[in-house]
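Annotated heme b b562 binding site per Swiss-Prot: His76, His175, in sequence order. Under the heading heme b b566 binding site, Swiss-Prot lists His90, His189. Swiss-Prot lists His194 with the feature ubiquinone binding site. Positions annotated as transmembrane segment by Swiss-Prot, on the basis of similarity to another entry: 26-46, 70-91, 106-126, 171-191, 219-239, 281-301, 313-333, 340-360.
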Amino acid sequence: HPLLKIANHSLIDLPTPSNISAWWNFGSLLGLCLVIQILTGLFLAMHYTSDTLTAFSSVTHICRDVNYGWLIRYLHANGASMFFICLYMHVGRGIYYGSYTYLETWNIGIILLFAVMATAFMGYVLPWGQMSFWGATVITNLLSAIPYIGTTLVEWIWGGFSVDKATLTRFFAFHFILPFIIAALVMVHLLFLHETGSNNPSGIPSNSDKIPFHPYYTIKDALGFLVLILLLLLLVLFSPDLLGDPDNYTPANPLNTPPHIKPEWYFLFAYAILRSIPNKLGGVLALIMSILVLAIIPFLHISKQRSMMFRPISQVLFWVLVADLLTLTWIGGQPVEHPFITIGQVASILYFSIILILMPLASLIENKILKW
């Protein structure tokens, strides 16, 4: 049967490298996150209303009156956090082990990253709290930095002259449909991956040593699922508001700006890069480039080795990059004052320098050391 054949060749008889580590678990974990988000989101949508007058109340109603509504709501909110943790780990794995040399798979991955970020942003607007409203206002307003068409574009997206009813309704519509587009893209992502098969930690072709996906990696994925669900439940049942902003428990008020407008933690690194450039258009470009720079990475790969496993200089740079991203995440949540401004600017410059200049340079040195 053709459908069973696809399932069999993707999940059961798939030849898989025998030495892939836990860093290869995040793909399936992202799949699990997507399923959790679609299911919890579907049940939330059954009780949510996307009108400015009732949106905030409908979320309160879900938490207070719907059976296990509080659980569904917090699973969905914190599920997004787990989604991004897995996403960043997955991308980091790709950079470390040179998986980006699978160009089609990598590029669809970048499109997926953008799609998930767009979905999360629009989802954050839906509860219609203070941070929802002002986050939507600030981020959509960035498009006005586009020369000539900017202002028209922003008003077109808003459906008026400010973030209002029309904006909320369309954001709900987009937030509902995007996850299904993401699911379709995931299939394409996997289709391209299965053309080549998985990479492995050594970066050396493993065609001579493949094992069937089932039972070896089905059981390994199942363990990953259990760990993810455990962590998600710990978050949801013990401190569901740990990662949220208390301002979002205040209903949206266009006449009152919150003291610190900031996105959810998973966007803070990009927000810090955006703010560290004292020019609107420049900031927007830096913001887009902070993710789009991933598309350039494959073309800067000049090392004779694929993986960083045996490249100590590149390894150090990689972990400095991780530390730098954590620094940017911290700065994104701080007010725009001394010394945070300078730290943010240094961290932003370092971010692009490591990826575009220092890593290729390190590869060059490593090639020389190995007399290649």
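Yeah, the Cβs are placed from backbone N, Cα and C, and that goes for glycine too.
Positions of the features from Swiss-Prot, shown on the structure.
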residue: His76; record: heme b b562 binding site; contacts (Cβ under 8 Å, 6+ apart): Gln37, Thr40, Gly41, Leu44
residue: His90; record: heme b b566 binding site; contacts (Cβ under 8 Å, 6+ apart): Phe26, Gly27, Leu30, Gly109
residue: His175; record: heme b b562 binding site; contacts (Cβ under 8 Å, 6+ apart): Gly41, Thr119, Met122, Gly123, Leu126
residue: His189; record: heme b b566 binding site; contacts (Cβ under 8 Å, 6+ apart): Thr105, Ile108, Gly109, Leu112
residue: His194; record: ubiquinone binding site; contacts (Cβ under 8 Å, 6+ apart): His9, Ser10, Leu14
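Reduced to three states, the DSSP call for His194 (ubiquinone binding site) is helix. The transmembrane segment (26-46) makes no contact with the transmembrane segment (313-333), as judged by fewer than three Cβ pairs under 8 Å among residues 6 or more apart in sequence.
Outside the transmembrane segment (70-91), and at least 6 residues removed from its termini, the chain residues within Cβ reach (under 8 Å) are 23, 26-27, 29-30, 33-34, 36-37, 40-41, 43-44, 59, 62-64, 109, 113, 116, 120, 123, 228, 231-232, 235-236, 240, 243-244, 264-266, 294. Packing against the transmembrane segment (171-191) from elsewhere in the chain are residues 10, 30-31, 34, 37-38, 41, 45, 48, 50, 105, 108-109, 111-112, 115-116, 118-119, 122-123, 125-126, 136: each is 6 or more residues past its ends and has a CB under 8 Å from a CB in it. Listed stretches 219-239, 281-301, 340-360 were compared with the transmembrane segment (106-126); the greatest number of C-beta pairs under 8 angstroms is found for 281-301. According to DSSP, His189 (heme b b566 binding site) is assigned to a helical segment.
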